Ligand code: UDP
Ligand code: MG
């Protein structure tokens, strides 16, 4: 087999309803590019028939298909990591399995890569997600811009292309929780972005609950910045200065006006606010410490159950 020039990495987690349409649209789109390619599916421990469907597809197109079956759910970004470690192409494209990024757009990112970029991100022209998702993601984009040095316009969109050099750099990272587009950005020397179409999810429901979305965004913020911790130290300084000022004010008042006994509930409000802040600070610290703990255990980031590939 000719070594593929393009590798398309697709993480799959319980996508049985959408996979047949994905296969039907992806392969013709890639055949059209007229470049040797491979598709690397990563089954992220699905509990539905996804693995069986991937196996069937592998049997249908063994020349250009590989499937890595993970033993348990490792999360989207770790699944992509597994894909990166097995990809053989010079240009590596990531894509979601749910057809929100139309496979027909792959050609566009590849053309952009050929202009000499080593990382091409994409921006959704019109986003087809519900209002909550869109506005929450806008807010996270904004926060990320503020606290990290990562400049990507639309962080949530996974249709992206990476050069072999960037993927090699990513492969040498041993992080257990990460956010691939941001990690790639730190290694890219000549990144670019293009605008692509975005569609409704073809079938099935989003695999991200509100909780897992929050977790993912913590991965992004803590993985690429210490600014949240530093902000907290600053906030601590400001609060201490504020309470010192209040102390002086109360002493003066005690001498001038006399003892003060009222304002009990103001005190409560103030206390609760400060306790809230302190709890948040401890939680934030925990986010970092927890990740350090996960990292030092050196457990494998994902377990591979089987790899379907020909003797290519
Ligand atoms: N995914 C995965 N493991 C997970 C969650 C998601 O491999 O634990 C895959 C999923 O199958 C899809 C992609 O990651 O191909 C993006 O997931 P989804 O479309 O649910 O996310 P959203 O579009 O809602 O951000
Ligand atoms: Mg999606």
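Cβ from N, Cα, C; glycine included.
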In TrEMBL, which of 198-219, 264-285 is tagged transmembrane segment? 264-285
In TrEMBL, which of 165-186, 231-252 is labelled transmembrane segment? 231-252
Same-chain residues at least 6 beyond the ends of the transmembrane segment (231-252) with a Cβ under 8 Å from one of its Cβ atoms are 147, 260, 274, 277, 281, 284-285
Positions on the same chain near the transmembrane segment (264-285), where near means CB under 8 A and six or more residues out: 228-229, 232, 235-236, 239
